[in-house]
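Below you'll find the structure, written out as structure tokens, and then a few comments.
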Amino acid sequence: MAASTTALSSPFAGKAVKLSPSSSEVTGNGKVTMRKTANKAKPVSSGSPWYGPDRVKYLGPFSGESPSYLTGEFPGDYGWDTAGLSADPETFAKNRELEVIHCRWAMLGALGCVFPELLARNGVKFGEAVWFKAGSQIFSEGGLDYLGNPSLVHAQSILAIWACQVVLMGAVEGYRVAGEPLGEVVDPLYPGGSFDPLGLAEDPEAFAELKVKEIKNGRLAMFSMFGFFVQALVTGKGPLENLADHLADPVNNNAWSYATNFVPGK
């Protein structure tokens, strides 16, 4: 019997399921055993400016030649790797996963740092809206209440908060690391299925562009979080308060003026 191949759509975005019986799987009584394997996503159109050898580079037309191992296959590849961190395929795969995960945490974190302060400036009452001061409210006399509502979530116990963090984050990380808790074909970075209820990944070309947008915004968010940490250490204020101070007096409230405060003898 001639071998046949059938492609079926998978519930996970960017994946296809290949049913490919080999000659050894076809028995004499005509019974066929199907084997499920993960197929690669459809290649991105050569017209995309973010992929392939002609993609946008880190210095535009002055970038020079990219390393041979940076082929433009993955989102966010601008052909720059002076430290050679991507030369080893296994190391590159690990670093790529870590970057995407940290990008997502940074985007959530940056929003979480700015949004409460924004609400507080518009009349919403918080015990403490500045992100690096909020946690210490649990030691205050009134304790810590979510959104100012003492009955919403009981947050007076540090041990209870710690336990919730361990259980909730541990469950998510366990799901991600295990990869296939339900025996399904899963991409740990872009699982699709239930994680894509809006169907944003149904069009391969649109999905490829969304990956680029995610990694670009994630990298900006990581730099933002670094800036928030530095601001907290130097000024002791939240990001929006620092922005307001800078707009009110840009000459005396900027990175250079704060940096010169640490010059010996000043």
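Yeah, the Cβs are placed from backbone N, Cα and C, and that goes for glycine too.
Note that the structure is predicted; figures quoted are calculated from it, not measured.
Per Swiss-Prot, the features are as follows:
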BINDING   Y58  chlorophyll b 1 binding site
BINDING   W80, S86, E99, R219  chlorophyll a 1 binding site
BINDING   H102  chlorophyll a 2 binding site
BINDING   R104, V153, L182  chlorophyll b 2 binding site
BINDING   Q137, L147, E214  chlorophyll a 3 binding site
BINDING   S157, E173  chlorophyll b 3 binding site
BINDING   Q165, R176  chlorophyll b 4 binding site
BINDING   Q165, F262  chlorophyll b 5 binding site
BINDING   K213, Q231  chlorophyll a 5 binding site
BINDING   N217  chlorophyll a 4 binding site
BINDING   H246, A255  chlorophyll a 6 binding site
MOD_RES   R35  N2-acetylarginine
MOD_RES   T37  phosphothreonine
TRANSIT   1-34  transit peptide
TRANSMEM  100-120  transmembrane segment
TRANSMEM  152-172  transmembrane segment
TRANSMEM  220-240  transmembrane segment
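Put simply, E99 (chlorophyll a 1 binding site) is 15 Å from E173 (chlorophyll b 3 binding site) when counted between their Cα atoms. When the C-alpha distances from Q165 (chlorophyll b 4 binding site) to the binding-site residues R104, H246, F262 are tabulated, the minimum falls on R104. For S86 (chlorophyll a 1 binding site), the nearest neighbour among the listed binding-site residues (Y58, R104, E214, H246, F262), judged by C-alpha distance, is Y58. One way to see the shell of the chlorophyll a 1 site is to take the Cβ centroid of W80, S86, E99, R219; the remaining same-chain residues with a Cβ within 8 Å of it are G76, D77, Y78, D81, L85, N95. Among the binding-site residues S157, K213, H246, the residue whose Cα lies closest in space to that of E99 (chlorophyll a 1 binding site) is K213.
Among the listed binding-site residues, namely Y58, F262, the Cβ with the most fellow Cβ atoms inside 10 Å is that of Y58. The binding-site residues close to W80 (chlorophyll a 1 binding site), defined as a CA atom within 10 A of its CA, are Y58 out of Y58, H102, Q137, Q231, H246, A255.
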